Amino acid sequence: MNLFLAMLPTIMTAATPLLLAAVGELVVERSGVLNLGVEGMMIIGAVTAFAGAQATGSPYAGMVCGILAGAAFSLLFGFLTLTLVANQVATGLSLTILGLGLSGMIGDSFVGTPGIQMGALPIPGLAEIPVVGPILFSHDLIFYLSILLVIAVHWFLFRTRTGLELRSIGDNHDSAHALGMGVIRVRYLAVMFGGACAGLAGAQLSLVYTPQWTENMTAGRGWIALALVVFASWRPVWVLVGAYLFGAVSIGQFNAQAFGFGIPSQFLSSMPYLATVVVLVLISRNRRLTLMNTPACLGKPFVPDR
Amino acid sequence: MKKLLLALTASLGMIAAAQAQDKDPTLACFVYVGSHNDGGYSEGHDKARLFLQKEMGDEVKTKYVENVSEGPDATRVLQQLARSGCNIIFATSFGFMDSVVKVAKQFPDVKFEHATGYKTADNLATYNARFYEGRYILGKIAAKKSKTGTAGYIVSFPIPEVVRGIDSFMLGAQSVNPDFKIKIVWVNTWFDPGKEADAAKALFDQGVDIIVQHTDSPAPLQIAEKRGKFGFGQASDMSKFAPDAQLTAIVDHWGPYYVQRVKALRDGTWKSQSSWEGLKDKILIMAPYENMSADTKKMAEETEQKIKDGFDPFTGPITKQDGSVWLKKGETAKDETLLGLNFYVKGVDDKLPQ
Amino acid sequence: MRLEIERRATRSSLYAALSPFIALALTVVAGGIMFAALGKDPFSALYSFFIAPLTSAWSLNQLAIKSAPLILIAVGLSVCFSSRNWNIGAEGQFIAGALMGSILPVMAPDWTSPLLLPIILVLGMVGGALYAAIPAILKAEFNANEILSSLMLVYVAQLFLDWTVRGPWRDPQGFNFPQTIQFSDSATLPPIYAGGAAHWGFVFALVAAVVTWFMLRRTLKGFEIRVLGESSRAGRFAGFSSRRMVYFSFLFSGALAGLAGICEVSGAINQLQPVISPGYGFTAIIVAFLGRLNPLSIVVAGLVLGLTYLGGEAAQITIGLSEKVARVFQGFLLFFVLGCDTLILYRIRLVSSRRASGEEAAQ
């Protein structure tokens, strides 16, 4: 039990970047746009956050840089896919290639420089609660933001008029356009929101998770985030479940190894991937629910008729 | 007249060629499996390349190709380098082995050097460092320093290099504390700061107070620093990342070897060989011993000296994990066994894939 | 000022032919500026990228080796994507094919027969298809989204390959290094012509492209794929089953990815090792869309992308351009090509915002 409690903060740190990037991508996909460039935006966020923190000495300034850079970088995707109606899948993948290369160029001089750690911000009062306090309320700012974002996105999508608009654009952009909604404008904003979240996820990597800059340090986390959106059937709260499930299995398998069960490590390492597939299969049984939540226009180009 | 002119230009050409042979810098080329500044293994080789450049000045020109995948990509890059006029090519990753063998056969005039492999040819040499000597010292330090009597060991992949390290570390630790234990976590990657950090946290959560790593990023040390625990740097001195946690580090130091080989090529004394040097040849060096008592530091320094004077960490009596005898008293391990080492010594609590 | 695009009445065949060249010109300009800004000679950099790899028989062979898996996989994916089945796990199917195809060369190395090579290739295709069948079954029978399952299975395949070459299939004479024994000569895919380096995988890629093109454009199956891709409802009215299409497209693309995998192993690497693909399965997704899901254009797209990889290495060697810059340049090229393709279906106009809003008001 004690070990499990000790594992929780580790799981949270591991799940946070996945959660952030996935929540951002969820909003993008709900608006009907499929951006496979999460990995690229994330790594751009990581390198600019690191650079920003180095330049200003403040991890918070660094975090803001990461968010802005992620959003700015996503505009490139937005311009190509929304204004020029380029293919979304290919553009997203190209964005990843560009992001990995560009971050390597920008970060060239930062390799081998220790980063600035974003410290914990215990919430006064709550953090003193025994057992629960240290686990839930003694984290860094980005962790709190990740939880707030899930709540905010859920509220936005299902409780606000704009959220409804965004969802209807994702479900049927032609009729949304006919009803006078600004399809392109909303999608631009959604894409930028996704970029900002991916940038924040990157900032978490280079400021909290492992305060350093190294090329490719996202190591495929953007891809996992993409999978989590699908896993969650485009529902924010389920993204939270998915990210924590994935994090828990990843950390759990390290602990299992340390116990020395003697199972080949490759099989243990593949557990998080298999677990997500199995759980997806279980929760996808309800055909109506998935159909209801899948944005029908996902990945389809939109050009307003004039 | 025309003939004379022709002869003249021809002889001039020959003189020029002869002079060029004297003065032309040697072109030394490097192939990295990672990025030239990956902060780990490939960066170690790139630092050595710069060392070579600095030591030999105008006599040498260097080039490198980074992030080369093992397989057809490596073959192509090696061929391209050979075609572009490289005189000597250092292929710095084990996985390039069969590519190097193939390309060396195609370009008999170019010299090839392959790191950590075992296949040689007339124009193909291999080189390696006895990193396990350093790990023996780490083991002794860990056993002396640890309060819990247990160290965590973060490892990448079960290849002989890694297994040698684990065994040697364990032998060092057991020479101080016969009951010393290690917990092993395989992360199945050479480089993923996040995963390495997670593994370190998992190990600390299970009560170890010192971690050893055979992966490339400084992330585990950063975790040790944060938790007030200890660890060792890998491939380079990582004390910048963990000034209060790094006890020492095994530092890759390929530079002198590169200088020696390029000089040999220029002298005409280059011969194919299988070089496997250690602490005494300075191909690996120990970072300063820090964050430990004077007593422990003294022990570490003495051990280092002992190894430099010829002590082999793999000196019997050594029992294998399964309880059978590996080396009798006074017997030392053969290089061939070490090269392909795939069993643990007694006391290691883990299973190798067979 | 803003950009406005308008759908053309018909596809512009002028721009279909012209847009790659516009994209190339833009890439050359943008890349040239970037190289100059980095202090490298833009002309020799561009030469290394686009011309140098085409100047010798050696480099043409290398180009064929590099592009073969990209084209093979992308051709298969074109069927998947045309029918809107998002198979993004070709990387895993590539590995599965390589593993399945390696069973005979690794476990029965002494068996030689003229039939051996064909069997190996077929097994490779079967392996890839079987592995692709998993996300297909999960999608068709359990309604589980294929983006997730196919992607996750990539990691599982990579780890499984890793375990195989370190455990049961490790070369007993290999000093316990993680690789299998070398394939025997009769299990090795030979070069296309004696003395060349490029193996038959490239020919298979071309054949696959032509056959698939024929199937997509000239057969009922192709019609079915396109109709179901447009809308599954319309497909149902026409009597086509989208469930059957899930199986068909996944098995088809899986088989081609598997073939690519076994060709790479048997023709180029000659043994299994922990990593056998530098991400071909993912890059092929880009190739498929660069080729506008047309198998014949995919051949060109695969060659162009292969060229930029080779060019990136050449630029590292000749002018010391870093590998990151090469990636960025590759990104430029992809963006320009994708952006310029807009011109085929759409007209782009630059309008001042005042006029635009005036028009709207008039409407």
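Each residue, glycine too, has its Cβ placed from N, Cα and C.
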- Message: Of the residue ranges A:92-111, A:112-131, which one carries the transmembrane segment annotation in TrEMBL?
- Response: A:92-111
- Among A:31-53, A:192-214, TrEMBL marks as transmembrane the stretch A:31-53
- Note on the structure: Same-chain residues at least 6 beyond the ends of the transmembrane segment (A:60-86) with a Cβ under 8 Å from one of its Cβ atoms are 33, 35, 37, 40-42, 44-46, 48-54, 92, 95, 98-99, 116, 118, 141-142, 184, 187-188, 191-200, 202-203, 206-207, 301-303
- Item | Contact set, same chain, for the transmembrane segment (A:31-53): CB under 8 Å, 6 or more residues outside the stretch | 17, 21, 24-25, 59, 61-70, 73-74, 77, 81-82, 88-89, 91-100, 102-103, 106-107, 110, 115-116, 166-167, 169-171, 173, 186-187, 190-191, 194-195, 198-203, 205-207, 212-213, 216-218, 220-223, 225-226, 295-300, 302
